[in-house]
Amino acid sequence: MSQHTLPQALKGLYDRHKFNQARPSLGEIRATLHSVGSLYSKIFIIIDALDECRTVGDGVDMFIREIFDFQADVNANLFATSRPIQNIESKFQKATRLEIRANAEDVKWYIEKRLQDCQFLGSQSTALREQIKLTITKAVDGMFLLARLYIDSLACKTTAKEIKRVLQELDTVSQTKNGDTRSKALDKAYEQAMERIQSQVQEHRTLAMQVLLWISCAERRLTSAELQHAIGVEQNTSELDQDNIPDIGLIVSTSAGLVIVDRQSDIIRLVHHTTQEYFQRTWERWFPNAHIEMTKVQLLDFDDTLPIRRDESIKTTGLHLAAHFGLSETASLLLSKNASIEYERLQRAPLSFLNDTGYKPKVELLLRNNVDIESVDSLERTPLALAAQNGHEAVVKLFLEKKANIECMGPFQRTPLSLATEHGHEAVVNLLLEKGAKIESRDKYGWAPLFIAAQNGHEPVVKLLLANGADFVSKKQGGDTPLFLAALNGHEAVVKLLLANDADVESANNSGNTPLSVAAWNGHIAVVKLLLKENANIESKDKYGTTPFLNAAQRGHEVVMKLLLERNANFTTTTINGETPLSAAAWQGREAVVKLLLEKHVNIESTNSNGETPLFNAAETGHALVVKLLLENGANMEAMNRDGKTPLSIAVINGHGQVAKLMLQYQSIV
């Protein structure tokens, strides 16, 4: 059955983050995905180009694990595409497989379009154009990339005779269809592309070779801006001249079709994985002494500083840049030249850059050169803290083996365990616990790891912490318990887990709010159901005398109200200021809630401590539909508050013309 409204779990996730503009954590995304998935009887998951997943470390493995967990939880159907990478293939051993090949008609259509776009090729005879389509379609053997490269090659020819010669070579290649022949065909196509690059004017040729060098050399993907900056630096200068940054369009056009930019991510990369493989095989030929030359020309000859950001006040050394881009050979050469491994002017050690990316081999390289493992960045975070925060399990393990301080405290007295917990890095949390991290360590505000995990909905981490004896009874500053935080944020799975461990369902915070009252306030239906199943007190009151039912009424959560009414919740309850569910709903303009309460025949003339009725509240805040509903049910327009004001007068005073007009019309009818 289709869903006609935004799922409550998704709406709750949005509401929690819309004001601070923060990204949801992995645990929150996981919990929301599972919650929404449970609403549907059939789900199809489609993942295209899984091998292109832009992660480092064990990111791809973690992504696949999460998808498999979700698939099992909601009984979903999974379809994924990927090039044949052993690590990925091993995880789909039992899956049905199908090789993806380009349809011959699609290839012909593509070739025809390219022929029309190229004046020289399009001007050839009909017979030759047809021969081009047939020969290339046959030669590419289902691989679109080859079609593109072959057309690019033909576009550079000057006579029909040259075109026919190339077609004859392609026809010979297509006679034998095996892996070796296909590899040779690709190599030939790439060589022709490189020849086209070499035939350009000197400036364009140099630019293209720099582009290919940087993209092939970097061990992580570069954004177009990063590549532009890397190429734009000049010798004998310490700053990046914005006028020397090459245009991204020129970068792509001079690279003979070997480079593309992903518009969504702004990542600039080689056109195909076989392009990278080609350069790995032909490295010596095209880029002799590449890393050394990059280092000498673009790192060592600078005034030991090189900005990599647009903010000219932030500068870094060559070693920082090598760490940032993941250039291991460059880093090795710089270290051999006694490059500083500490703060420099950036106030951030190169080791901290590597912890952002999780490059274990590069971390090992710096550690072998006696980098200070307890150095901190400008935010007082150690390398271990950064690695834990980013979920780099292998790097965390490496630091712990090097005796890094497992209890080091950064901003707000947060430990590595606290940071890993916040971001839902289960494997890192487990590793830190195994190495003796204090499970009850508290930050500046009294948050222990379990509180943080519960707040963010990281069910696997909560389960792990509970299994290791985490205290779920104690409270943080303000009196909140882990159960309270999970209920507040609508984390159904975490609430269920804590209740299964006998968490106190009635434990109130310093304001008297219970898990049920905050779940009702935020409209977390599934959590409310769980708490009611545990016989949570539906008449609990906070320090203002507000019950869960009144909370739900004020926020307009009609479904929650009905759940509470099924348990005989008091719908005439009042706060210490005399507010009722009806007056609270009227003040907030909750038309559906007001209608529901009126059907229960609540007192429509109840007054608060200021003598204000529900009609007065609705008129004061300008909710015309609620005013109309109350008037239709006999609300008194003449009732005055303690200051002698009527609903009509307060509407006029507050400038609610529509409400005032409505009341005058109703008054004339009466």
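Placed from the backbone N, Cα and C atoms, the Cβ positions cover glycine too.
TrEMBL has this to say about the protein:
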type   : residues : note
DOMAIN : 15-83    : domain 'Nephrocystin 3-like N-terminal'
DOMAIN : 200-279  : domain 'GPI inositol-deacylase winged helix'
REPEAT : 379-411  : repeat 'ANK'
REPEAT : 412-444  : repeat 'ANK'
REPEAT : 445-477  : repeat 'ANK'
REPEAT : 478-510  : repeat 'ANK'
REPEAT : 511-543  : repeat 'ANK'
REPEAT : 544-576  : repeat 'ANK'
REPEAT : 577-609  : repeat 'ANK'
REPEAT : 610-642  : repeat 'ANK'
REPEAT : 643-670  : repeat 'ANK'
Averaged pLDDT score, the repeat 'ANK' (544-576): 95
Long-range Cβ neighbours of the repeat 'ANK' (445-477) (under 8 Å; 6 or more residues past either end): 25-28, 30-31, 412, 417-418, 421-422, 424-426, 429-430, 433, 439, 483, 485-486, 488-489, 491, 493-494, 497-498, 501, 503-504, 507, 509
Positions on the same chain near the repeat 'ANK' (577-609), where near means CB under 8 A and six or more residues out: 544-546, 549-550, 553-556, 558, 561-562, 571, 615, 617-618, 620-621, 623, 625-626, 629-630, 633-636, 639, 641
Residues from the same chain, set at least six apart from the ends of the repeat 'ANK' (412-444), whose C-beta lies under 8 A from its own: 25-27, 30, 58, 62, 382, 384-385, 387-393, 396-397, 400, 406, 450, 452-453, 456, 458, 460-461, 464-465, 468-471, 476
The repeat 'ANK' (544-576) - residue tally per DSSP class, helix then strand then coil: 17 helix, 0 strand, 16 coil
